[in-house]
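Data block below; observations after.
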Amino acid sequence: MTLGNLKLGVDVVSAHNLLPKDGQGSSSAFVELYFDGQRYRTTIKEKDLNPVWNESFYFNISDLSILHALALDAYIYNNIKATQARSFLGKVSINGTSFVPYSDAVVLHYPLEKRGIFSRVRGELGLKVYITDDPSIKSSIPVSTAEETQLNPESVHVPVSNTVSHVKAEARHTFHHLPNPSSSQQQHHSPAAAVPHHVTKYGVDEMKAAEPQPLKLVRMHSASSAQPVDYALKETSPFLGGGRVVGGRVVRTDRTGGGTYDLVEKMHFLFVRVVKARELPAMDVTGSLDPYVEVKIGNYKGVTKHIEKQQNPFWNVVFAFSKERMQASVLEVVVKDKDLVKDDYVGFVRFDLNEIPMRVPPDSPLAPEWYRLEDKKGEKIKGELMLAVWIGTQADEAFPDAWHSDATTPIDSTAAASFLLRSKVYHAPRLWYVRVNVVEAQDLVSTEKTRFPDAYVKAQIGNQVLRTKPVQARNFNPLWNEDLYFVAAEPFEDHLILTVEDRVAPGKDEIIGRAIIPLSMVEKRADDRIIHSRWFNLEKPVAVDVDQLKKDKFSSKLHLRVCLDGGYHVLDESTHYSSDLRPTAKQLWKPPIGVLELGVLNSVGLHPMKTRDGKGTSDTYCVAKYGHKWVRTRTIVDNLFPKYNEQYTWEVFDPATVLTVGVFDNSQLGDKGSNGNKDQKIGKVRIRISTLETGRIYTHSYPLLVLHPTGVKKMGELHLAIRFTCISFVNMLYMYSRPLLPKMHYVRPFTVMQLDMLRHQAVNIVATRLGRAEPPLRKEVVEYMSDVDSHLWSMRRSKANFFRLMSVFSGLFAVGKWFGDICMWKNPVTTVLVHLLFLMLAFFPELILPTFFLYMFLIGIWNFRYRPRYPPHMNTKISQAEAVHPDELDEEFDTFPTSRNPDVVRMRYDRLRSVAGRIQTVVGDIATQGERVQSLLSWRDPRATALFITFCLIAAVVLYVTPCQVLLALAGLYMMRHPRFRYRLPSVPVNFFRRLPARTDSML
């Protein structure tokens, strides 16, 4: 967008259910808009409580940098003609962080707010607010002072505009709904005005050598859920860019600041940018050459691609050599001529490493220079090479796209091969729910004139296909009125294809007509307002006889309501591990509450995933996912102890979200292994943001635990540094009172089956889009990070969830056991004290609730001393993964549908029937107890009902004449009576209840 043409557009659409203010049950409403000292007014709609304006206004945007601090205010007034005054009907205030480009804007109906404590308002105001840079649009004509005085001679409430002096500059706060002009070139993979710009961060501060500190084991749970020491979390104290991390705080070893990239260890690299060459000497008979460049230092060599028949080639390739692995003091850049038999030597440039300059951002990039080539004898020859050579760190702008020496493959060390190994930041597409309401069809023309069509509608978007139920109508106008739901991703590439088909015979369908609707033309909405229906003409798919088609004019129509629902959050991951809960419509997004920083340090002790040159090795990379932003580190080749040291940043909008970090083995290098060319999973780590303290740096070594068909296995450890910084503490606390999902999930909820189907489609779309990026993020990686198989049946998970449930109720069971001991007088002193406390509470019931909440407060204060200082991690004992039966694991890893032999399936089916039989018995027992309660007054057993109602009459009289405290005290003393006065037989009420009839006699 061009800054000079930026304008804020406001479409005042309509209002609904306004308050009558004219004394005749109506109002004459108009709207006044205020923004940045500018004011515009709509026309007056006389005597209308549901006015419709459809008027557009455009405000000038003077300063884009403070747009997030401004607000748009819309006031609705009732015009009083008699006195030329106005009365207040309501207002709407929209923060500048909610302004979106025109392509993302939808009409939102805002509830009207009060102006003061004693204001009385009701209704909604429909507005469409957006930012545009269309140069043909001119600013609206402001309201004149004379017109304002004429309308309301008295003082009018005008909102105070937000000024720059009242805005506190935040170091991390930027406007994310508009592109940054200076960084627009870096957003080549994202829509310019739709995706916030995130920059990969790397460590830059000086790292001082120090002896490694011993790892500190962290107990993850209580003793009852303790797991083996090898599977436990380990706390570390590494030297990072900001200094040594001790107890979550940075202890600086020098006076220099930590800088921005302080969560990774500083690594030095030798960067060589090969730009181009000129006037290279001819080496072939044809008078030309096919040049390429080799960059060599010690045993490491990087190669550019060769360019055919070009004496002035252009490459612009960057090579990065890890300085800690350098065992040479000379850098050689050699130009060669590609030949069929043996490549010819053209010339070289040599550099002494001691003479290469050091560059630390924010210094400007080093300018390339022309260097004269030398032959093997050291004499200058014709031809020059443009190079830039410097020493930098991960913070260098050239680092993400560079060829890396630690990512060099033994098979191919060219820059083209390193393209699959470099780090990358991905942005997942914005997903929408597509709601298709198929209402009816009109004038269907069937191929058989002798019968009415048995019609249904098939809807398709890409690979998603849904059908309505067939309707056997007694006419040619079938009625369905069914809702079909799809998932679509921006930019919309697929169309909505609707086909009306006639079921002629079982397994045989004939197409009656088809309608194609581009998704870019479908209306968007962010709430549950009614979408206007439309009639679409059905087209014949194939015209067999042109003359017959002219005679029989085809005029069938299909009645539809189609919309893109932006008020939902499209669930594309497991609900328990959601990393983003915002709705699709950007206008509904709240400002961020914090910033999450992740430093991927290293991995240790990785399990070999492949064999190369007779020894086990791995080519690993890490993937981190949070919200729409996915990041991938560079691949470290042939290393079981890789050091990544890459830092990334995310904005946090909700603390109840989860960051997922996975480690994978790159299988795209060389020959395909036994697993094909799928990248193999090594393990993953989940970190819930709400469990992190603000400002604390968590440096832990996480065990990578993976469940295999042979059992749980530790694949290595991943060393991470994590920090959550809060921007607005008040907003973060306010989020705890808000619903977890957007409003539409509760107003018009989906069924469980629909959510599962839509989640599956959303994961497929995200995997497809990320798989088309360069380098691609493969489908198996996306599915593993999204926990796509978490809903499938597993005996192990069922046992784990059962024991989790028992653990939740263990407190109640403990209280019941303690109360049983009190009743049995096992400790007479404690029993007497409990009797006294009970009598005190019985005669002073107003102390019950205060005592309870004070007790909870004291328990919380006591537990504060023992609060966890670490993020939670996967626990093998809670997951029931330690002693799981091999057949249960084989069942868990079975495909769906099953691929096992019939005998195994029959055995598992019988086992499942046994488990289900026990559950069936428990459910039946619960139903029996409920039916016995119902039979108390149903006269199914007349003698029991007569006894019960007689008891009720006597109880009513006794309770009326006896104080409640006395009855409560007597009941408590009776329950806690001494064992000498107890009997082993059940009590009379229990005997009576068990004799009541239930509906078990009616069961077949």
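Even glycines carry a Cβ here, placed using N, Cα and C.
Look at TrEMBL and you will find 7-108 (among others) tagged as domain 'C2'. DSSP labels the residues of the domain 'C2' (7-108) in these numbers: 12 helix, 54 strand, 36 coil.
With helix defined as DSSP H, G or I and strand as E or B, the domain 'C2' (269-365) counts 6 helix, 48 strand, 43 coil. Residues or ranges marked as domain 'C2' in TrEMBL: 269-365 (among others).
Per TrEMBL, domain 'C2' is recorded for 433-531 (among others).
TrEMBL lists 595-701 (among others) with the feature domain 'C2'. For the domain 'C2' (595-701), the DSSP-based tally of helix, strand and coil residues reads 3 helix, 63 strand, 41 coil.
With a threshold of 8 Å between CB atoms, the same-chain residues lying at least 6 positions outside the transmembrane segment (718-736) that come near it are 170, 172-173, 236, 238, 240, 245, 263-264, 590-604, 622, 652, 654-656, 659, 661, 663, 683, 685, 687, 689, 692-702, 704, 871. The transmembrane segment annotation in TrEMBL covers 718-736 (among others).
According to TrEMBL, the transmembrane segment annotation covers 802-820 (among others).
Among the features that TrEMBL reports, transmembrane segment is placed at 832-864 (among others).
Residues annotated as transmembrane segment in TrEMBL: 946-976 (among others).
Among residues of the same chain six or more beyond the transmembrane segment (946-976), those with a C-beta under 8 A of the stretch's C-beta atoms are 822-823, 831, 834-835, 838-839, 842-843, 845, 936-937, 992.
In terms of DSSP secondary structure, the domain 'C2' (433-531) contains 3 helix, 60 strand, 36 coil. Averaged across the domain 'C2' (433-531), pLDDT in this predicted model comes to 88.
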